[in-house]
């Protein structure tokens with residue numbers, strides 16, 4: 001389970017290396033980097049992607065050469081890419097080193113901040129025959145982000161708990177992705193000071209911290225879900241401030257993160273209006 005979560009949640013890292021020229025045969029080894037490649041104007045040059053790369057729609061038709069367990073090293077070499085977009089937090093380092101030994105150019109890309117999304121798009125646009133496509137996409141992202149900041153700017157904080165999985169209960173701590181999305185909307189993470197990036201917690205710990213909002217999976221919120229019996233113990237449940245979020249929007253740092261921001265901010269606004 002933790003391997004799958006790590007594959008879905010990029011850590012902060014990026015390689016600002018410059019392209020020697022336009023790439024013609026590109027392989028992406030993570031879902032978020034596939035989306036960013038399309039934003040950067042590289043979609044028509046992708047020849048293979050990671051197993052969970054399902055957006056945009058045309059990515060589903062591409063050959064799959066990696067997943068949370070590893071990458072298909074021999075197949076990638078056989079495809080003769082002139083650029084691999086790798087993710088050091090999710091792709092095995094030894095296998096990436098082997099790709100480098102074969103002379104395959106690698107762009108290491110895992111952006112874990114809102115500004116980093118735009119920067120990543122700009123950097124990858126350097127590998128496109130039309131870099132202006134990615135530059136425009138990055139500018140539009142920043143403009144929309146600024147508009148959302150003006151719309152939802154507030155110092156009225158809302159405490160929340162974000163549940164990533166049920167068995168075990170995993171959450172996010174510190175400034176690890178997607179914490180910045182919640183902070184952007186005025187959220188205060190009840191596990192912000194956790195020692196691990198994505199710690200395992202107990203129901204008792206959640207009860208003790210009394211979150212005003214609980215973001216959980218649809219299954220966890222069902223009538224017979226894991227939180228049902230704690231309605232009188234957790235403010236979020238007692239006030240019906242329990243919501244599910246689009247996991248792709250919130251967990252992948254891409255242009256669609258703007259949708260996640262709107263979703264989270266609107267939920268927090270609902271809480272503030274009821275106070």
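Using the three backbone atoms N, Cα and C, a Cβ is placed for every residue, glycine included.
What Swiss-Prot annotates here:
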type	residues	note
DISULFID	185-265	disulfide bond
DOMAIN	25-272	domain 'Fe/B12 periplasmic-binding'
SIGNAL	1-19	signal peptide
SITE	74	site 'Important for BtuC binding'
SITE	204	site 'Important for BtuC binding'
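Taking the features listed in Swiss-Prot, we show where each one sits on the structure.
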| residue | record | Cβ neighbours (10 Å) |
| --- | --- | --- |
| 74 | site 'Important for BtuC binding' | 10 |
| 185 | disulfide bond | 25 |
| 204 | site 'Important for BtuC binding' | 10 |
| 265 | disulfide bond | 21 |
Mapped DSSP class for residue 185 (disulfide bond), helix or strand or coil: coil
Where residue 204 (site 'Important for BtuC binding') falls in three-state DSSP terms: helix
Overall pLDDT for the domain 'Fe/B12 periplasmic-binding' (25-272), taken as the rounded mean: 95
Assigned element (helix, strand, coil) containing residue 74 (site 'Important for BtuC binding'), judged by DSSP: helix
Pairwise Cα distance for residue 74 (site 'Important for BtuC binding')/residue 185 (disulfide bond) [Å, integer]: 44
